[in-house]
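Structure first, then comments.
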Amino acid sequence: MSTPAISGGTGFFTGFTRLCKGLAVVLVCGHIAVQFFPSAVTYFALIPARTIPFAWNLITSGYLEQSIYGVVISTLGLLFIGKLLEPIWGSREFFKFIFVVNLLTSICVFITAIALYYITRLETYLYMPLSGFHGVISGFLVGIKQIIPDQELPFIKIKTKWLPSITLLLCIAISFWTLEATTYLPTIIAGTYISWIYLRYWQRKPEAKLRGDPSEDFAFSTFFPEFLRPVIDPIASIFHRMLCGRSNTSNNGQGYNLESEPLPGSDSIEASRRRERGARALEERLAAERLAAARRELQREAEENV
């Protein structure tokens, strides 16, 4: 998962990876198919009451966008965020992240819908078709938080480490005003949490011979403001022991024991390397885009002089 050199000919609207373009075609074609064949929603969207015979819905629902707004946002997010994350993670790891986050997010949404039905006895939760790539997009934001947490967004001067938290907060606020947003909220929450679990505990790092990211900068409490972290940390540690204890197994073949204390400085060194790779990839891409823009400007001036 090394960071490859980014070609100097790429611009803002170019340099998209082959995998991202292929998945974008799947999203667009799926949306078009639903417009011409509305009954396809029954077979490919997640309908909790029909998931038992149609278990493949847990996979296909994540790649089916029913609204034009959803397909536009998901496609743009996949292309632009994907061309930053995929070169750093590698194509195989990037695809694995998408598949695992999409599947586990769908399972969480299915369980949530069933639980809401038993609590409220409203059949709407059983027969509402749920689908969309926004769970994975929210997971991409967690990936950005991990790789370049201190990078500031232009114009608004907000560090990228706050992108997942701000997105969740906005979605929760919007859900109070429009009922349609409530159908997206469980997917976005589950996508954010599942992606954090994957990157924190499961992602393989061959260059470091470790699984996950044990650095304090990527702890669950970093999604919350500083004053809430003393409250969040004890709660997060409980879920850590309950849900993720299996990941803390010793790796005897590699000489690491994650069940005990990590090697001195190992998590901080790995976090520094990860941030350096992310920052280097971002700088190379920005430099390539500036170079491409300068070349276009020179070519335009040459054509005008002619």
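Each residue, glycine too, has its Cβ placed from N, Cα and C.
Under the heading transmembrane segment, TrEMBL lists 23-47, 67-85, 97-119, 125-148, 160-178, 184-202. Residues or ranges marked as region 'Disordered' in TrEMBL: 251-276.
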Which one, 23-47, 67-85, 184-202, has the most C-beta pairs under 8 Å toward the transmembrane segment (97-119)?
184-202
Counting Cβ pairs under 8 Å to the transmembrane segment (67-85), which of 23-47, 125-148, 160-178, 184-202 comes out on top?
125-148
Answer with yes or no whether the transmembrane segment (125-148) touches the transmembrane segment (184-202) by the criterion of at least three Cβ pairs under 8 A, sequence separation 6 or more.
yes
